[in-house]
Every structure is written in structure tokens, then in C-alpha cells.
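Engineer: Below are the C-alpha cells for one structure; questions will follow.
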Amino acid sequence: MALLRGVFIVAAKRTPFGAYGGLLKDFSATDLTEFAARAALSAGKVPPETIDSVIVGNVMQSSSDAAYLARHVGLRVGVPTETGALTLNRLCGSGFQSIVSGCQEICSKDAEVVLCGGTESMSQSPYCVRNVRFGTKFGLDLKLEDTLWAGLTDQHVKLPMGMTAENLAAKYNISREDCDRYALQSQQRWKAANEAGYFNEEMAPIEVKTKKGKQTMQVDEHARPQTTLEQLQKLPSVFKKDGTVTAGNASGVSDGAGAVIIASEDAVKKHNFTPLARVVGYFVSGCDPTIMGIGPVPAINGALKKAGLSLKDMDLIDVNEAFAPQFLSVQKALDLDPSKTNVSGGAIALGHPLGGSGSRITAHLVHELRRRGGKYAVGSACIGGGQGIALIIQNTA
């Protein structure tokens, strides 16, 4: 048993993911989390007053009120004023980390019911001018910094995230054609899952304003299901000459949020919640930052070891698709079964709003595991700076 107490997921919802500068661009990360949290509270029949803690992961802090994010989410959805809130940042693992931190609070009996979430509005990432607060020298050429682009570069190793994926492509002999074929598969699997309604249980529709008036958004906006291999092959590589990473086989810059409500076994019984899944275990691992994308390998292995399970026990595996060569390197290193890995597509198709992806992956695994009648699933993400995080869940149906 990897956890000291039984911890159960009693609700798991996410917003549709918006394209960069798309339908969700005017919603802050706080707004997006509020939508997901309200949907989760409603779906799980969880009264807000039963929430003991609010934990939300967010990376870019792109809105002016971002410092208050988790607190504002809690207050907006009716969580008692006396209940504390925490906004955390483990980069692309932040959505997963919110659940991990929630489990830790429950296991230490600091909380019984925790509203967890992950969120990002990449569209709202501002441009900034640094070092002007105390005046500038005559003639100084002020530089306008794109905080989004700057945030996707690891200054410690002086590499943009895309180059760490190129390093993995070289290390694991991943070709450009491999990457484009995988990107096409991600789009096609997303299309099939979307048309079959496999995202319906996790989705929290949002009313958005368009040129044609208000409409309900309930489908991921970034996905390009009509993409062909020929189109992908024509795209130029972005980070190095004759490289593998293109705009078509990398995760999409996007906006979105997810909310996962977890509760102790005692709380499930006390409040008569319906458990959807049990949190079996988790693991966080560091790795070489120049190949940060390999992080899911030690993370998944660590989580499985703690839980006394193996990859063969997993009915579903979901590894965040930061870049196609990154995912393919993880797949090769772990010898993942393609038939049960990223079965509904991933971030290459639907986008990767940094803090939101862990919550999205968890929500999808919860509902997809139940739909398929499977037992175990593991979700994982690589993390900029050289980390990996993994979370194992068990179907309770």
C-alpha cells in the first residue's frame, strides 16, 4: 500500500482546451479553474462546505490576480472562508502535484476532502519590460520580453524545451518520420474518442462569446482531426536544422483547467460520496535537465515499485505528449504497449496548458478506466528543468 490512508477520487472534470488566442483567451486561469471546480462539485454531489482544502497548480501566473488563484477559486465556488488554499507550481506536473499534495494532506489527517486542480491561460501570458522600475540610463534600448517564450526556456542549461526533445530524438534514434506518424495518430485517436463521446464524462462545457453571439464550447479547440501525414511532413523543424520537432508534432500552446476532488475513506462514508477511483500511489523523480522529457520513465517505475505493481498490471497508460520525440523516447525506454497508451490522443492533438494537463489526464483516466471496465491506470508527465511525475489510480466500480 503506497498511501497511509485510503484516498478516493469522487469527481473529475475539465474544461475543453482552447487554442492559443482562441475562444478561451479572455478567461483567466482563475476563471477556467472555477468552471472546472463548479462542474466537479456538481458531478460528485460534493457540498462546498465539506471541502477542507483547496490546492491548484499553475505555472505561468499570467493574470494580475494569479497570486490569489487557489484562494479565489475556493471563495468563488462557495468553499468556507475558514478553509485554506494553496497555489503550487511543479511546472508541467502541477495538475498531478495538486492531487499528490491533497493526498499528503489527507494521509496526515490535515484534511478529509480536498478540491485539487490545475490550470493555465497561456494566451494571457504578458510581454514585460525588466529593470525599468528604478529608472534607466539615457539611450538604453529597452527590451520587450515575451514571458511565455522565456518561460519555455531552461536558463540553467540554456536550452528551450524543444531542444531537450531533440536531444532525446538523437539519444533514442527517433526519426522525423516517426514523430510525424505519431502526431497523426494522436490527432486520429482524439478524433475517434471525441466522435464516440468518450470525453463527455470529463467535460465541463463553457459559454463563450463569438462573433455570432454566445455559444457553448464543449469540444477541444486546438485539435486538427483533418490533419494528413503529407501536411505534417511539409512543416519546417523549429529548433534545429533538419530536426524532428515541428509545430505539428509538438504539444499545442493552449488554455484550460481541470478539477479533481479527492476524499478519505472516512469522508466517502460520512458524506455518502460515490468513489470513482482510488489513488494507489505516486512518485516524483529528477532527471538530466538536458533530456527533461525522459522524466516519466523513472517516475512511472518509481510509482509502480511503491505500489507493488508492474506495467503489465496497467490497463491504461497516459504520458503527456510534450513533443513527439519525447513521448516516443519514453515509449521506447519503457516498452509501452501502444494499444493501451494514450488511447484517446494527447497534448499534440488537444493542447498542453502547462498546469492543467495533469488534471486533464487524471480526469480522462478516471472515466475511461470505468468505461472500459479496467482496473489500473497510470498518468505521467515530463517536467521542465528535469523531473517526472506519475500517479496510479484504481477503478472502484
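Every residue, even glycine, has its Cβ placed from backbone N, Cα and C.
Pasting the feature list from Swiss-Prot:
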MOD_RES   Lys25  N6-succinyllysine
ACT_SITE  Cys92  active site, acyl-thioester intermediate
MOD_RES   Ser121  phosphoserine
MOD_RES   Thr136  phosphothreonine
MOD_RES   Lys137  N6-acetyllysine
MOD_RES   Lys143  N6-succinyllysine
MOD_RES   Lys158  N6-succinyllysine
MOD_RES   Lys191  N6-acetyllysine
MOD_RES   Lys209  N6-succinyllysine
MOD_RES   Lys212  N6-succinyllysine
BINDING   Arg224, Thr227, Ser251  CoA binding site
MOD_RES   Lys234  N6-succinyllysine
MOD_RES   Lys305  N6-succinyllysine
MOD_RES   Lys340  N6-acetyllysine
SITE      His352  site 'Increases nucleophilicity of active site Cys'
ACT_SITE  Cys382  active site, proton donor/acceptor
Engineer: Between Lys212 (N6-succinyllysine) and Arg224 (CoA binding site), what C-alpha distance do you get in Å?
Structural biologist: 22
Engineer: Starting from the Cβ centroid of Arg224, Thr227, Ser251, the recorded CoA site, name every other residue in that chain with its Cβ within 8 Å, sequence order please.
Structural biologist: Ala183, Ser186, Gln187, His222, Ala223, Gly248, Gly252, Ile348, Ala349
Engineer: List, in sequence order, those modified residues among Lys25, Lys191, Lys234, Lys340 whose Cα sits within 10 Å of the Cα of Arg224 (CoA binding site).
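Structural biologist: Within 10 Å of Arg224 (CoA binding site): Lys191.
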Engineer: Going by DSSP, is the residue listed as 'active site, acyl-thioester intermediate' sitting in a helix, a strand, or coil?
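Structural biologist: Looking at the DSSP assignment, the residue listed as 'active site, acyl-thioester intermediate' belongs to a strand.
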Engineer: If one looks at the chain holding Lys209 (N6-succinyllysine), which residues at least 6 apart in sequence have a CB under 8 angstroms from its CB?
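Structural biologist: When sequence neighbours closer than 6 are ignored, Lys209 (N6-succinyllysine) has Asp26 within Cβ distance under 8 Å.
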Engineer: For Lys25 (N6-succinyllysine), what residues in its own chain, 6 or more apart in sequence, show a Cβ-Cβ distance under 8 Å?
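Structural biologist: Gly18, Ser121, Ser123, Gln124, Asp255 - these are the non-local Cβ neighbours of Lys25 (N6-succinyllysine), listed in sequence order.
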Engineer: Need one number for the CoA-binding residues Arg224, Thr227, Ser251: the maximum pairwise CA distance in Å, whole number please.
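Structural biologist: Greatest Cα separation within the listed binding residues comes to 15 Å.
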Engineer: As a test of the contact definition, list every same-chain residue at least 6 positions from Lys158 (N6-succinyllysine) whose Cβ is closer than 8 Å to its Cβ.
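Structural biologist: Sequence-distant Cβ neighbours: none.
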Engineer: Please name which of the recorded positions listed here, Cys92, Thr227, Ser251, Cys382, is nearest in space to Lys305 (N6-succinyllysine), Cα against Cα.
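Structural biologist: That would be Cys382, nearest by Cα distance.
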Engineer: If you measure Cys382 (active site, proton donor/acceptor) to the residue listed as 'active site, acyl-thioester intermediate' at Cα, how many Å is it?
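Structural biologist: Cα of Cys382 (active site, proton donor/acceptor) to Cα of the residue listed as 'active site, acyl-thioester intermediate' measures 7 Å after rounding.
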Engineer: So among Lys137, Lys143, Ser251, all listed as recorded positions, which is physically nearest to Cys92 (active site, acyl-thioester intermediate)? Use the C-alpha atoms.
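Structural biologist: That would be Ser251, nearest by Cα distance.
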Engineer: What three-state secondary structure does DSSP assign to Lys209 (N6-succinyllysine)?
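Structural biologist: SS state of Lys209 (N6-succinyllysine) = strand.
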